[in-house]
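Chemist: Sharing the features that TrEMBL gives for it:
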BINDING   E188  substrate binding site
DOMAIN    38-113  domain 'GCVT N-terminal'
DOMAIN    116-249  domain 'GCVT N-terminal'
DOMAIN    274-351  domain 'Aminomethyltransferase C-terminal'
Amino acid sequence: MQRAVSVVARLGFRLQAFSPDLCRPLSFTQDVLRRTPLYDFHLAHGGKMVAFAGWSLPVQYQDSHTDSHLHTRQHCSLFDVSHMLQTKICGSDRVKLMESLVVGDIAELRPNQDKVRELQNQGRDVGLEVLDNALLALQGPTAAQVLQAGVADDLRKLPFMTSAVMEVFGVSGCRVTRCGYTGEDGVEISVPAAGAVHLATALLENPEVKLAGLAARDSLRLEAGLCLYGNDIDEHTTPVEGSLSWTLGKRRRAAMDFPGAKVIVPQLKGKVQRRRVGLMCEGAPMRAHSPILNMEGTMIGTVTSGCPSPSLKKNVAMGYVPFEYSRPGTKLMVEVRRKQQMAVVSKMPFVPTNYYTLK
């Protein structure tokens, strides 16, 4: 087993998670959209395909969004996330490459191709290979039980954020990583493209498993307080502002050798101007771009993600407010459909996470 993609990758570089701005029904542009190896599989199982960031992906299947969401929380669901780029980084300077891109000690993020060339031009030994693999996410409290039936490895020895290469339901060369984007226990399986349909079919033979799409994926990650890159964080957001200070490696804090260190380290030691916070409210659901106001009616921030929570039956959201308004329990207002309604700053995750750790 080895350390898998870091949590900062999960929170910071989910470039193509569900967003209404990126998602629309298919039209005459369908033929130019990229397709995952499971495209025909989705159609055969009733997937409602949408155009999403240049890909044709299922937003949901025959079950409603709410039913699919709750099934994931109570059992487990299978998601096709093959639209996310998978790479292998090699060479004796591979760590130098990664640490030139991230704030953690060692991370496997989607690399910047220009940075690879830059290091190569400096005489560094580093290379990048794009993998022709599909990526399946099996998420939910029974995910490990379902998967264990198809692998020889003992999944009890595979804790959160570690991975191992193994044969899965007869498909060799799969990398199984204990991680996900829902807050539940689960795995992401990098599988050779030719074996993707076989693996998905084998997993669905277990009645615990149902297919889930982009809609459930978005509400699940929001309940878990996980960021969507481009909405909740971007290249102008620091880890401190994004309430992600725990992603900063201790060694690198001391060395101040990570990107943006001159700005970020002082923020750790003093008051930051704004913070990402969770919000809860009754009434109409908060959505991205909804204004956040203080009790005097002055706009102080903006909602970055929001939806009704199927688990809590309340509206949840996240957004940015000045530091002095970031304490949990602070009462604010949010403008929804030109009407102001009460909201309260809430701790995240909204729903407790269930990541598997060794005991």
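Backbone N, Cα and C atoms are what each Cβ position is placed from, and that goes for glycine too.
What TrEMBL says about a protein is an automatic prediction, not a curated fact.
Note that this is a predicted model, so its numbers are computed, not measured.
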Chemist: Ten-angstrom check, please: count other Cβ atoms within 10 Å of the Cβ of E188 (substrate binding site), all chains counted.
Modeler: 25
Chemist: Could you give me the DSSP helix, strand and coil counts for the domain 'GCVT N-terminal' (116-249)?
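Modeler: Breakdown, helix to coil: 40 helix, 37 strand, 57 coil.
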Chemist: What is the three-state DSSP composition of the domain 'GCVT N-terminal' (38-113), stated as helix, strand and coil residue counts?
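Modeler: Secondary-structure breakdown of the domain 'GCVT N-terminal' (38-113): 23 helix, 20 strand, 33 coil.
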Chemist: From the DSSP assignment alone, can you count helix, strand and coil residues within the domain 'Aminomethyltransferase C-terminal' (274-351)?
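Modeler: Going by DSSP assignments, the domain 'Aminomethyltransferase C-terminal' (274-351) contains 3 helix, 45 strand, 30 coil.
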